[in-house]
Amino acid sequence: MIQDILNRYLFDNADVRGELVQLQDSYQQVIGSHAYPPVLQILLGELLAATSLLTATLKFSGDISVQLQGNGPVSLAVINGNNQQQLRGIARWEGELADDASLADLFGQGYMVITLTPDEGERYQGVVALDKPTLAACVEDYFNQSEQLPTALWLFADGKQAAGMFLQVLPSQEDHNADFEHLCQLTATIKAEELFTLDAQDILHRLYHQEEVRLFDPIEVSFKCTCSRERSAAAIKTIDQAEVEAILAEDGKVEMGCEYCNAKYVFDGIDIAAIYANGTGSNTQQ
């Protein structure tokens, strides 16, 4: 498989656009930070692919967050990213999770929150219930509510690789639902193994060899964590100084860990004094 690449394409004979994402390294970095149960590894892979596909639809520079929450054994699964296709994610759960657990089994009464944060302009947030059998269907529901353009997704993950495909009707005065349904029928024949092993040109040829397809230059997808020593210091400063000094007195240091990438930032007494005096820590230990 071509690793960590998103491809966009257009149908010249229909007002429909498509996306194809294939992920391996970035997926492994997301799920490698914690000992996730297999079903959660698969869910995070699908969520990572979905977020990458959603990110490619952004018409601005900025950030995106796709968050699943609920009152079930999985309380949170989230992928954060930006328009440069830099992604990171985590999940939180309790107890054992069955390999065949459904979305309802995992999240109970759950919902999906998609937050778009432009570098300039107002933030947008959309919320849909996790009341469909698959994550792909829930994302389709989001598009139906927010953009009201016919949209379809196919998401796959197996703990090693993740992939997804996306079709959407372009805004137009004409009715292209028949074209869209035809292309969806073709796309629905895709198999996970094909997405995990073939490059984009081969996949598109197999699916759409009788269609006129224009494939654009590939876009690299990567794992990127935004944690830093400065952010950790800022987080410490929000805590009461006496509480932090009590930790320092007991442990001789204050340690901050990143849930996304497992980086650790260690602050000694001099650092803590500097944080509350100036807002930064002097040391560079990580």
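Heads up, the Cβ atoms here are built off N, Cα and C, so glycines get one too.
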Tell me, from Cys184, Cys225, which cysteine Swiss-Prot puts in a disulphide with Cys227.
Cys225
For Cys227 (disulfide bond), just count the other CB atoms lying within 10 A of its CB, please.
20
Using a Cβ-Cβ cut-off under 8 angstroms and a sequence gap of six or more, which residues of the chain neighbour Cys261 (disulfide bond)?
Gln29, Ser33, Arg88, Cys225, Cys227
Using a Cβ-Cβ cut-off under 8 angstroms and a sequence gap of six or more, which residues of the chain neighbour Cys258 (disulfide bond)?
Cys225, Cys227, Ser232, Lys264, Tyr265
